[in-house]
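Engineer: Quick one: structure below, then a few questions.
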Amino acid sequence: MDGHLRRAADKRLVGFPEINYDELEFTGEYLGAGAFGAVAKANYLGKTVAVKRLSIGERITLNDLQQLRREVRLHASLSFPNIVQLIGASTVPPRLGIVMELAPYGSLFDILHLPRVAQVREWVCHIHRINQTEVGMLYLHNHRPQVLHRDLKSANVLVFEGWQAKICDFGLATNFDANAHTTTRGSGMRGTYAWMAPEIMRGAKYTTASDVYSLGLIVYEVISGKIPFQDQNLMQLALGLDRGERPLLPTHDLDAPAGGHRLAALMQRCWQQDAGSRPRSRATTAELSSIVASIGGDPRITSTGGATAAVEGHASRSPAQHHVVRTWRSCRLQCGELRRSYCM
């Protein structure tokens, strides 16, 4: 590595805790992977954490290092119940990693699309998670300086104890700048296009309305249980979005669940073609809170045999619930492959 780059890498940074990579004890369990590298489980100072391990290693340039540190500093500046907590980062090449709190139940994408476990989805819990995701997005948009996530999708919403939802992955997030244009990360963004607003596809600037559009696609996943635009390639998706096309929603899915029609109506407002016609974050938060109030109930309490009780009720699991948990764990790696295909 160039001496200047190593000296720059060795400087102590202000704005986030620099972690000694040797103090991370990896368990060998991988939680996900993408163009950036892999997310692995590790122990750090007696605590189980998630580590986003970057694969660039010795190939890192000074510009790459500065970009990594900008991401970490931005994440470190955010403190809110619905934002994943940053513990620190190792930014001294060649071993690079971002250390975060561990989400025991994976991502919302895992929960919605996990093979053989998707059928145990719990409607009330999902509405609460959408509401919490929106509250986290509202926090970002109200932050000073304002933060645009720019890569909001179900894979970037992690689920914690009590089924609390938190937004993660700020590799594309930016402090809002009126002169900031869109950026790309090459093939690493190919799956993210499915959650991308039509104006961004056309090369327009990111705005809060772009994040609101992405929220609408997450709502679609919850209502339909499907990955948006799953059967379309990038060209088909781009042309369809330019014509105002959106994923088809089976009407029968809206009849049974409480709040289904209101949630679908909010989804359609969020993904309107004209960015200026989409609701602001505060308005979507108010509507989601109203939907939550209308359905009532604690998202942590479900009917007998429900998915939440199966995962959280360790002391009183029935044999059937133990089976659900075993199935959940055995399918995590399968879902990682599915998520890599569409979300990385």
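The count begins at 1 with the first shown residue.
Just so it is clear, glycine is given a Cβ too, placed from its N, Cα and C backbone atoms.
Pulled from TrEMBL, these are the listed features:
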type	residues	note
BINDING	K52	ATP binding site
DOMAIN	25-292	domain 'Protein kinase'
Engineer: Tell me, how many other CB atoms lie within 10 A of the CB of the residue listed as 'ATP binding site', whichever protein chain they belong to?
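Structural biologist: For the residue listed as 'ATP binding site', the 10 Å Cβ neighbour count is 22.
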Engineer: May I ask you to report the DSSP-based helix, strand or coil state of the residue listed as 'ATP binding site'?
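Structural biologist: For the residue listed as 'ATP binding site' - judged by DSSP and reduced to three states - the answer is strand.
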Engineer: What average pLDDT is reported by the model for the domain 'Protein kinase' (25-292)?
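Structural biologist: Computed over the domain 'Protein kinase' (25-292), the mean pLDDT is 86 on the 0 to 100 scale.
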